[in-house]
Amino acid sequence: MFQSFMFEEESSIITAITVITFLFLAYLGVSEIAGKHLQYSKFWNVNANSGSSSSNFLQGKMSSKLGMFILYAPASVMGFASFFMYPDGGTRFMLLKSAVTIHFFKRVLEVLFVHKYSGGMILGSVLLISSSYFMVAAVMIYIQHLTLQYTEPEIDLKSIGVLIFLVGISGNFYHHYLLSKLRGSKEKGYKIPQGGLFSMVICPHYLFEILCFVGISFISQTSFSFCCAVGVALYLSARSNVTRKWYLSKFENFPKNVKALIPFVF
């Protein structure tokens, strides 16, 4: 059944990388639920004093803007470099390279020109997330390059994938823009988000980011891209759940009917 909509990959190395990546993303989701958060945004200073003195370097603080730039810039550079590394490959490969590059370069532009930051980021979390994004971008593009020698799946999902990706990238940007308008230029505190789907869920930007990865997986149709989409969905679901709990603990007037990620459901 899977062979009808997914490339049949013969390499055991690719299978191993795919499984490890999925387990890593799932572990991050479980860690969020358990209270061991990646230290950025509202949770940048949790467990700030934990760990031994040997980990002090990784517990170093940097500005959120610099940290977020480091998160996305390497993956964005990888996306642009892929057009020179693999100049050929047909429509599917071109769409995949374009989607990956657009996704991460958009985040870089948002860091530089859209978001307003408060607090900081912990170096260890910055390095972990940045290397993970870079690895996902590089491996996804490389595996897609390898599929050029394989037979195309019976069911072609790339057109649907482009549509889902465009919905995801647009919705993600729109809600990031709404978040950026919550604060004045000198304000640092958090407010309850308003507008768009914020009246229904507290993390619509996460929902649309998941759609971005689902769209990319439909364009790619490799086991690695599908596992990345599921893994990202697991992590962001957990992150949105703890974010909703954070808002409930900080704002007495936070509406109880507002869900974490999916309207009316979760």
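The backbone N, Cα and C atoms fix where each Cβ goes, and this holds for glycine too.
Annotations in TrEMBL come from automatic prediction, not curation.
Just so it is clear, the model here is predicted, and its values are computed rather than measured.
Here TrEMBL flags 142-266 as domain '3-oxo-5-alpha-steroid 4-dehydrogenase C-terminal'. Across the domain '3-oxo-5-alpha-steroid 4-dehydrogenase C-terminal' (142-266), mean pLDDT in this model comes to 95.
Per TrEMBL, transmembrane segment is recorded for 12-30 (among others).
The transmembrane segment annotation in TrEMBL covers 66-86 (among others).
Residues 9, 14, 17, 21, 24, 38-40, 44-45, 48, 55, 57-64, 66-68, 70-75, 78-79, 82, 86, 96-97, 100, 104, 216, 220, 222, 224-225, 228 of the same chain sit 6 or more residues outside the transmembrane segment (121-143) yet have a Cβ under 8 Å from a Cβ within it. Annotated transmembrane segment per TrEMBL: 121-143 (among others), in sequence order.
According to TrEMBL, the feature transmembrane segment maps to 155-174 (among others).
Here TrEMBL flags 195-216 (among others) as transmembrane segment.
Tertiary proximity for the transmembrane segment (66-86) is limited to same-chain residues at least six positions away from its ends with a CB under 8 Å from its CB atoms, namely 40, 93, 97, 100-105, 107-108, 111-112, 115, 117, 120-121, 123, 125-126, 129-131, 133-134, 136-138, 141, 145. Helix, strand and coil counts from DSSP across the domain '3-oxo-5-alpha-steroid 4-dehydrogenase C-terminal' (142-266) read 80 helix, 2 strand, 43 coil. For the transmembrane segment (195-216), the list of distant contacts is 96, 99-100, 103, 140, 161-172, 174-176, 178-179, 225, 228-229, 232-233, 236-237, 239-240, 243-244, 247, 258-264: same-chain residues at least six beyond its ends, Cβ to Cβ under 8 Å.
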